[in-house]
Amino acid sequence: MANHIYLAGDSTVQTYGDSTNQGGWGQFLGSHLPEHIQVINRAIGGRSSKTFVEEGRLQAILDVIEPDDWLFVQMGHNDASKNKPERYTEPYTTYKQYLKQYIAGAREKGAHPLLITPVARFHYENGVFLNDFPDYCIAMKQTAAEENVQLIDLMEKSLAFFTEKGEEKVYTYFMISEGINDYTHFTKKGANEMAKLVAKGIKELGLPLTESIIKER
């Protein structure tokens, strides 16, 4: 049975300290899982599927990941940065190619890869929250199907959750509520809500992470 979940991701996933109210869902995921599951959060801001590999961050995970561990991958926000070519990947070519490196690397170590679509931003029209990364979500789903990999559609889950809660409530989930011109990053409150959605996705997939006792918080 898996005891570790390694997280590869960006600033919406990474762990932040107590000096800021900013949070990433990766720092809260463990509190919604059985106590024997250890979440090791290697997500870091500003990285795309490409730069996370190029900087050796994927390899650093693969050096320590063990058989039957899990590698959760949420990438896409920074992949979409056309104005930053060092980060940018094209959804249906290079993005998919890089995702497949994570998948192959995990499997070579006897671990289980899982893909997570990019989480939604604070962007809505007429009360409905919008997907800012549609091509990356489609490309990730294609990759999951092609490689027979489990996927949690966090974009879909977060959009539905935000639309249900409404703009005023969701406003408090994002750093824009802290007086910062930031429609992407979460407050700790918002990050914890996203962690709940990921935990729900784990349960829905019936993953061998003792889903029957995932905490309902």
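All positions are counted from 1 along the displayed chain.
A Cβ is built for glycine as well, from the same backbone N, Cα and C atoms used for every other residue.
Going by Swiss-Prot, these are the annotated features:
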type     : residues : note
ACT_SITE : Ser11    : active site, nucleophile
ACT_SITE : Glu178   : active site
ACT_SITE : His185   : active site
List nothing but the one residue from Ser11, Glu178, His185 whose Cβ has the fewest other Cβ atoms within 10 Å; the candidates are the active-site residues.
Glu178
Where Glu178 (active site) falls in three-state DSSP terms:
helix
Hey, how far is Glu178 (active site) from His185 (active site), Cα to Cα, in Å?
11
What's the CA-CA gap between Ser11 (active site, nucleophile) and His185 (active site) in angstrom, rounded?
7
